Amino acid sequence: MGTGALTGDVTALWQCPPWGKVVPGSSPTHPAISRFLPTPRNGLEENYCRNPDQDKRGPWCYTVDPSIRHQSCGIKKCEDAVCMTCNGEEYRGTVDHTESGTECQRWDLQHPHKHPYHPNKYPDKGLDDNYCRNPDSSERPWCYTTDPGREREYCRIRLSEKRPRPRNVTTSCFRGKGEDYRGRVNVTVSGIPCQRWDAQTPHRHHFTPDKYLCK
């Protein structure tokens, strides 16, 4: 059973009882929990914080304290997050300096560095203000800098210890551009065997498993 001490899932002060279970010592002001029952699809697992009624305050849970029926769990919204997952393609935080301390250039400007990543051309990449992003699937988030002599640099953003669950994984075919293909075909269309991703011969490359954990 989860508790308020579970990192990443729960930050509430009170321990949460399992969804759909009777609360010990329940009363007319804190009755048995029956409105939100677990199903295979709704994510109401154990006693983890969830948001089954689209509460504007975010995930919450019923508590085991008879005097407090339910309470918000205080989980940060994604734009307030201070860490990234995988190689940071979904990072939407507000870090705006590179790892050397140089201020980032705004994405909607072409000075001091001209570039192709204009927010209007890539509306799904989160290219807001001058925040560090990863629009080109690089090793981690980066930005163009305000230093004319240094075009772009990586940003220092903490990597989350929790990896997201893969979505729409396929093994016999691919959807979209094939980002979620996890099959075992290992020869090219012309029959040439594929080089291992963790090898650098005969071809050197930067797509190594230790740098692209979710690929």
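In case you wondered, yes, glycine gets a Cβ from its N, Cα and C as well.
Other C-beta atoms found within 10 angstroms of the C-beta of C104 (disulfide bond) number 22, with every protein chain shown included. TrEMBL lists C104-C143 (among others) with the feature disulfide bond.
Here TrEMBL flags C132-C155 (among others) as disulfide bond.
Look at TrEMBL and you will find 15-78 (among others) tagged as domain 'Kringle'.
TrEMBL lists 82-160 (among others) with the feature domain 'Kringle'.
For 172-215 (among others), the entry in TrEMBL reads domain 'Kringle'. Residue counts for the domain 'Kringle' (172-215) under DSSP (helix as H, G, I; strand as E, B; rest coil) come to 0 helix, 3 strand, 41 coil.
Counting residue by residue with DSSP, the domain 'Kringle' (82-160) contains 0 helix, 15 strand, 64 coil.
Distance between Cα atoms for C155 (disulfide bond) and C104 (disulfide bond): 9 Å, as a whole number. If you draw a 10 Å sphere around the CB of C155 (disulfide bond), it holds 24 other CB atoms from the protein chains shown.
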